Each structure stands twice: as structure tokens, then as C-alpha cells.
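Following: one structure in C-alpha cells, then a few remarks.
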């Protein structure tokens with residue numbers, strides 16, 4: 001994120017996202033049919049990315065500048081320029097403030113903004129993982145359902161990237177709040193469907209749309225964490241927000257389990 005311009009960040013998330021990963025994961029599980037073999041399959045597929053990060057992808061020049069490692073920053077900038085296919089032109093960057101720890105951020109004037117980010121990430125994580133776990137109980141073929149979820153997510157991200165690039169008034173706030181409103185509407189209706197026992201095609205359609213809105217909320221969380229915090233506080237902000245999100249993820253199996261005895265409980269929690 002630090003090596004991209006603000007107008008390029010949505011493009012990155014539009015074409016490289018969880019939708020592709022979900023389709024790939026579903027395919028691996030379908031062809032292996034056993035969790036150990038699936039784990040090996042995932043490791044093999046992930047290996048090229050690990051190799052690229054070790055030997056091809058350069059370190060963030062912004063981060064190197066914050067550490068005052070100027071010679072390494074110039075080397076990294078040359079590598080970025082070579083990958084981008086442009087001529088490298090040295091630029092005198094203003095000195096970056098030293099990276100701040102979480103305690104430094106909390107003592108400063110940005111702690112209120114950080115708390116808001118924590119709430120955003122906790123909400124998105126709980127909603128995302130709860131609906132993902134609940135999606136396995138939807139009627140029909142499990143692998144087909146999961147592949148459809150991945151395909152719809154990918155297509156929706158591409159649409160979001162196009163809207164972000166062409167609509168000047170489309171803001172991060174609009175993305176976050178509009179997505180939450182859409183998720184609340186879809187999962188509120190699904191909670192009612194669960195109570196009355198309806199499991200027809202409309203149930204799957206609304207679930208697909210609702211998961212898309214939750215995924216859009218994730219995009220807003222990541223972008224806001226990167227763009228609303230200064231470089232010195234960015235690592236602490238995103239790291240602590242990710243930690244808070246993990247707490248939400250750990251809560252979701254209990255929420256899904258309670259849905260067995262209380263139909264619609266998962267969707268009600270998401271709405272709340």
C-alpha cells in the first residue's frame with residue numbers, strides 16, 4: 001500500500017482480492033477432498049508468492065525513509081522504477097518521523113481515530129467470518145455455493161474499482177457506510193427468512209449480495225487504516241486493528257453454533 005499512489009490502491013484490491021482466493025481454495029478442496037491434502041495444495045499454490053516476496057518484491061521506500069536507511073531506500077526506488085518500466089529520477093524526500101509504537105499513538109492526539117478503526121475492523125471481521133461459516137449450511141452443493149461466492153466477490157470488486165476510478169464524488173466514507181447499510185438490509189431480511197424457514201433461491205441471492213457488501217466494508221477498513229494515519233503511526237494502527245479483528249474472528253464459531261438452536265442468530269448479530 002505504501003508503494004502505491006492513493007488512486008491506485010482501490011485498483012489493487014479490485015483485481016487481486018479474496019474472491020480469487022476463495023475460488024482457488026474451493027477448487028483445491030474439491031479436487032483433494034481431504035484436509036491434509038488440501039493443506040499441501042494451498043502451500044504449493046502460495047509458494048510463488050513467498051518466493052516473489054523474498055527475491056523480487058522491493059522493500060517499501062517509505063518505510064526505509066522512516067528508518068533513515070537512505071542508501072537502501074534509493075536501491076529500492078530504483079527497483080520499483082525498473083519494475084514499473086520508468087526512468088528513475090532521484091527525489092529529495094522530507095525526513096519522515098520515527099515510527100511510533102502503539103503506546104505512543106495512544107498518548108498522542110490520534111487515539112480517538114485509532115479506537116474508531118478498531119470498531120470498524122471488529123465489526124467487519126465478526127460479520128465476515130460469521131457469514132462465511134454460516135454459508136456452509138446453505139442448501140445446495142457446498143462447492144458450487146462457495147465458488148459462486150468467490151466469483152461474485154471478484155466481479156463486484158472489479159465493478160467497485162471502476163466506480164472508484166470514474167466517480168469523483170465516491171469517497172471512503174461513502175464506501176464504508178453505504179456497504180454497511182447494504183449488509184444490514186440483506187442480513188436483516190435473511191434473519192426473517194431463517195425464522196420462517198424459507199431456504200429458496202432468494203435466500204442464496206441475498207446472501208451473495210450481503211457478503212459482497214461485507215467485503216466492501218473490509219476494503220474501506222484497510223484503506224482507512226492506511227490513509228487516515230500518518231506514516232509513523234501506520235504500522236501500529238494496522239497491526240493493532242488486525243489484532244482486534246482476530247478477536248472478532250475467534251468469537252464467530254460460537255455465534256455460528258448458537259444459530260443451530262436459535263435460527264437466524266448469526267444474521268441478527270451481523271445486523272446489530
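Any Cβ shown, glycine's included, is placed from N, Cα and C.
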The annotated transmembrane segment range in TrEMBL, which must be one of 39-57, 58-76, 77-95: 39-57
Annotated stretch (transmembrane segment, per TrEMBL) among the listed ranges 96-113, 114-131, 204-221: 114-131
TrEMBL annotation of transmembrane segment - which of the ranges 17-37, 143-163 it falls on: 143-163
Correct range for transmembrane segment (source TrEMBL, candidates 223-246, 247-270): 247-270
